[in-house]
Amino acid sequence: MASQLTQRGALFLLFFLTPAVTPTWYAGSGYYPDESYNEVYAEEVPQAPALDYRVPRWCYTLNIQDGEATCYSPKGGNYHSSLGTRCELSCDRGFRLIGRRSVQCLPSRRWSGTAYCRQMRCHALPFITSGTYTCTNGVLLDSRCDYSCSSGYHLEGDRSRICMEDGRWSGGEPVCVDIDPPKIRCPHSREKMAEPEKLTARVYWDPPLVKDSADGTITRVTLRGPEPGSHFPEGEHVIRYTAYDRAYNRASCKFIVKVQVRRCPTLKPPQHGYLTCTSAGDNYGATCEYHCDGGYDRQGTPSRVCQSSRQWSGSPPICAPMKINVNVNSAAGLLDQFYEKQRLLIISAPDPSNRYYKMQISMLQQSTCGLDLRHVTIIELVGQPPQEVGRIREQQLSANIIEELRQFQRLTRSYFNMVLIDKQGIDRDRYMEPVTPEEIFTFIDDYLLSNQELTQRREQRDICE
């Protein structure tokens, strides 16, 4: 009978507890689903200790070696480690606190942090050259180290240093220096002529002789100035050497390098021309070439060279007015004489009484200076055959040349027309009625002048005013 009751009780208990272990899973519950098992294990929650502010030693008693813990408890002065007690930590002199300066007794019976006292030390002082030091207490706080130098050396700087609370040594590191500076002797001063067509000369010399009277050691030698073998410009140049020994003594010496440039007298440009020169234009080896303005031909040597005797070779040429040969076989032969020398303004009119022609010639005759300044030559083609006239200045052109010029430049006899040709023989502008000289000059200045002409125009801006 008792056995039957026991079996019934077990079945009842199993039936009653079955819903409590149903394998239901919730996110973050601490349970994990597993399709291959139906059993689960409930996570046991540890029991939190009962908090009691009356327990005198809720946390262990604080003891900090080489330091002190000053505690304040809510329960009074006799409670130094009860729940809620706060302790301020500090170290003895010569020690540094590592960790928390303030901790509190927590409900977990632990302090809120840890700390300890580390003995303060300074770094080991480095040895000094030609000297030594002795210390009273090694590298510990308040240790004093006194410096001394070897015989023949003098101490410069702090004679003693003390290890301070911040872990640093007081003062600065001294040095032992010898009394005598090194001996140095520079090479002799020298003079050299510049090379042909150059304004510089390459100069060499031997290094200075240096010796130290103390231990014979020279740490470095510095040069103030160009290195040996450098190119020196014209003039005097001071070269200075400075030698340093191991004790930082120094000695200096200097010498002078003088470079001379052989120069010729300054050349003057020819009248109605200009010069282009190499190098500086007046130094030994320089070449100056003579050029003539448009409308002028050079007569004489084209260039001169500055010689070692400081004199120019040859004699200066002159720029003579350009001679135009109108007795040529073709218009091409006529135009070749102006190539790269002159610009041409060719005027064509049906007869000398043409109103446009007379107006244009009148304006140009009043602007001959501006035309010459811009290297412009006027060619006139006026009238009808057989009375047609062609002229350049006072020279008459043949009928064949007149006809070829008209065909080359497409100039009609039927009405007034005019063409401007540049120094390369290219048609640059055409006019069907008179234009002022200022309009022609502006066009030439803006579009046709070479760099050399632009320079001359800036120099001669007011020459025609």
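Note that Cβ sites are derived from N, Cα and C of the backbone, with glycine treated the same way.
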Of the candidates Cys288, Cys292, Cys306, Cys319, the one sharing a disulfide with Cys264 in Swiss-Prot:
Cys306
Among Cys71, Cys117, Cys122, find the residue that Swiss-Prot gives as the disulfide bond partner of Cys91.
Cys117
Cys319 pairs with which of Cys288, Cys292 in a disulfide, per Swiss-Prot?
Cys292
According to Swiss-Prot, which candidate among Cys135, Cys145, Cys149 shares a disulfide with Cys176?
Cys149
Round to a whole number and give the Cα-to-Cα distance in Å for the pair Cys319 (disulfide bond) and Cys117 (disulfide bond).
102
Count of other CB atoms lying within 10 Å of the CB belonging to Cys71 (disulfide bond):
19
Quick one: among the disulfide-bonded residues Cys105, Cys117, Cys292, Cys306, Cys319, which has the most Cβ atoms sitting within 10 Å of its own Cβ?
Cys306
Within 10 Å of the Cβ of Cys163 (disulfide bond), how many other Cβ atoms can be counted across all chains shown?
26
About how far apart, in whole Å, are the alpha carbons (Cα) of Cys105 (disulfide bond) and Cys149 (disulfide bond)?
58
